[in-house]
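For 24-286, the entry in TrEMBL reads domain 'NADH:quinone oxidoreductase/Mrp antiporter transmembrane'. Positions annotated as transmembrane segment by TrEMBL: 12-34, 60-80, 92-114, 120-143, 150-169, 198-219, 239-262, 274-291, 317-339.
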Amino acid sequence: MPNNPTKILLMLTMMSGILISISSNSWIGAWMGLEINLMSFIPLMSNNKNIYTTESSLKYFIIQAMASSFLLFMIMMKVMMKDMFTMENNNINTMIIMTPLLLKSGAAPFHWWFPSVMEGISWMNCLLLMTMQKVAPMMLISYMMKMNPFSSTIILMSTIVGAIGGFNQLSIRKILTYSSINHTGWMLAALMINENMWIMYFTIYSMLTTTIVMIIKPFNTSFINQTLLMNKEMNSMKFMMFTTLLSMGGLPPFMGFLPKWIIIQMMIMNDMNIIMTTMVVMSLMTLYFYLRISYSSFMMLHIEPKWNISYYKNNNFMVYTSTMFSLSMMTLMICTMMINIY
C-alpha cells in the first residue's frame, strides 16, 4: 500500500477514471476511463510486505487487462462494421460487448477470479472492489441491458452462484464475495427495469457493505469464529455487525429488504415471474448463511473471550457505524408506513 499522498492521488485518478467512463459518449472514451481506473487501483492493491496481496493484484491485473483488450477488440470490430463509435446496439453486439464488462464487474459465470482476489487483499481494498469498482462496468452495461435470453441467463446465474457459493464458507471475505455476486444479479435485474432502481439498490448495498467492513476492519477479523471473539465489552458493536449482515441478506424489515421489495414488485408488473421467483429463493439461501453467523451470537448462551482484543479506537468510526445502524433499523418504520399508505 503506498503512503498517504500517493494514495490520495491514486484515489483521485481512480474516481476520475470512473467519471470518464460513465460520462463518455463513445466506446473508446469509456474504454479509456476503465483503463485509468484499473491503472490507479493496481498500486492501491499491491503491498511488498504481503505475498498474498501481490498475488491478488497480479491476478486482478491479468483478468482486467484481458477483459479490456477483448472490449477494445470488439469496439474496433464495430468501427470496421461501419457502426463507428456510437452506443447503439443490436442483440449480437449487446451480447459480445456485455461479456467483458460482466467479467470486469465479477458477475457469474465470469466470477471465478473474484473470491481468490478478495482473499488476498486488505479490507479497504475489498470494500473498493465490492462497491466502487462495479460502478463503471455497470453503467456501461445499463446502455445495453434489454430483456433477452442472454441478460436473463446472466441474472439467474449470478443469483444462483452467489447463493450456493456462500455455503460452507468460513472466510468472511468469501462470504461477502459470493453475497456481492448475488447482489450483482439483483442489480442487473434492476437495470432491466430502470436506471434509478439500480442507483437506489447500489447506494443501499454500498452503505451496508461499508458498515460491515468498518466494523470488521479495526479487529482485523477474517473468519466466522473470530467474530465471536471480538471485544467482550463491545456487545453493541457485535449486535450492529450481525444486524447489518442480516440487513444485507435482505431480511425484512431492515434496510436491505427495501430495494429487493421494490424490484420484486416491478418485476411482477413486467411479467418476469419465473426469474423473480428464482431470485427470491436464492436470496433466502444467502440469508441462511448470514443467519448461521448471527444466530449463535443472538442466543443467551454464546462464547465470549476472557480477554479483550486490542484495536485502534476511532470516534469517527463509532459515529459512522452507529448512524448506519440507526438508519438500517429506521427502515422498519418506513416499510410499515408504506404498507399502511398502500
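Cβ coordinates are placed from backbone N, Cα and C, and glycine is handled just like the others.
At the 8 Å Cβ threshold, with sequence separation of at least 6, the transmembrane segment (198-219) lacks contact with the transmembrane segment (60-80), having fewer than 3 such pairs. Pairs of Cβ atoms less than 8 Å apart link the transmembrane segment (150-169) most often to 274-291, out of 120-143, 239-262, 274-291. Below 8 angstroms of C-beta separation, residues 27-28, 31, 34-35, 38, 41-42, 45, 93, 96-97, 99-101, 103-104, 113, 117 of the same chain, each at least six residues beyond the ends of the transmembrane segment (60-80), sit close to that stretch.
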